[in-house]
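**Student:** Handing you a structure now.
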Amino acid sequence: MPPTDTSVLTAKELASMKSTKPKTKEEIQSELSRDRYLYPKHVEVIRDFEDKVDAAVDEVLLETGANMWQPQDFLPDMEREDWVEQLKEFRERAATVEDDTLVVLIGDMVTEEALPTYQTLLNTFEGCDDPEGDTQNAWARWSRGWTSEENRHGDLLNKYLYLGGRCNMRKVEETIQHLITSGFNPGAAQDPYRGFVYTSFQERATKVSHGNVAKLARKNGDDQLAKICAMIAGDEARHEKAYQSFCDEVISRDPDGFLEVFSDMMKAQIVMPAALMTDGIDGGLYDNFAKVAQKLDVYTAIDYAEILQYLVDRWDLEHMTGISAESEEK
């Protein structure tokens, strides 16, 4: 390692490097905390309702442990003596799923498996980050709890597809890695307001998609897949309500700021999290997936418009009071 160029360090940084005394946890937290933001007012607002977020951690997120559903609850139990029979029955059901349904299921699974990207983005929202990795403020606890619940979705769908034996899992795995490597830009630009508008929309969109795949699976003849997708949709429904309630708190404190952000994001349109999906060969893979989803009524342009209208109604934006003339025009 090359020697440190002390000429570019501040006096405080240089003194810190020379000090041999271990830092306390409080000192580390103080150094990690920020006092300059791109959106200082937005940070002030979201910090003002941390108690509501704290409550959401306890009331919206399920208790981690034995009472929480896990992927294994829906899959053949390889520890049992009759695992061969279980797997055979599992595959017989999976064989009834039509090819187009399988396409949207794979697309949904790949999207869920890119969870590392989504947690990374959540931690870029100013005032909502988890600087230490185990920070105990409300926003950091929400981020980790939300991620832990979402993590089961990709795991379960991945194992379903693997055990079902209907698709080339090597290519699917390549696609997952490509998507995580490519990343995703929701247009939040580190703004917590934008971030929560996006998650309010996207959690509902994901709920709609998984719910409709559940209906198709039941229609095709795989009741177990229907249960899987319905369970995942149920998680998304809880998360959706939480993010929308966070926006409620923002609106009550800064209606002008929220309306400005909402208007800008709707004009730019919501970008889907798997927009950069590719297997390394087909750059139009996401478009192909979206076309099949549209054809099967899994997720359509109508769904997009209905979610947008739902949010307008949910937050009563058309009748909002106490806003500036400029915000009213938007």
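For all residues, glycine too, the Cβ spot is worked out from N, Cα and C.
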**Student:** Of the residues E92, E98, E112, only one is listed by TrEMBL in the Fe cation 1 site with E150, H153, E236. Which is it?
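**Tutor:** Site partner of E150, H153, E236 for Fe cation 1, according to TrEMBL: E112.
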**Student:** If TrEMBL gives E150, E236, H239 as binding Fe cation 2, which of E89, E113, E203 does it give for that site as well?
**Tutor:** E203
**Student:** Note the Cβ centroid of E150, E203, E236, H239, the recorded Fe cation 2 site, then list each other residue of that chain whose Cβ lies within 8 Å of it, in sequence.
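**Tutor:** The surrounding set, listed in chain order, is W146, E149, T199, T206, K207, D235, A237, R238, E240.
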**Student:** What's the CA to CA span in angstrom from E203 (Fe cation 2 binding site) over to E112 (Fe cation 1 binding site)?
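**Tutor:** Cα-Cα distance, E203 (Fe cation 2 binding site) to E112 (Fe cation 1 binding site): 11 Å.
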**Student:** Taking the Cβ of E112 (Fe cation 1 binding site) as the centre, count every other Cβ atom within 10 Å, in any protein chain shown.
**Tutor:** 24
**Student:** Restricting to the chain of H153 (Fe cation 1 binding site) and a gap of 6 or more, list residues whose Cβ falls under 8 Å of its Cβ, or answer none.
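**Tutor:** Non-local contacts for H153 (Fe cation 1 binding site): E112, L115, I232, D235.
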**Student:** If you count Cβ atoms within 10 Å of the Cβ of E236 (Fe cation 1 binding site), leaving out that atom itself, what do you get?
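**Tutor:** Step by step: centre on the Cβ of E236 (Fe cation 1 binding site), count other Cβ atoms within 10 Å, giving 22.
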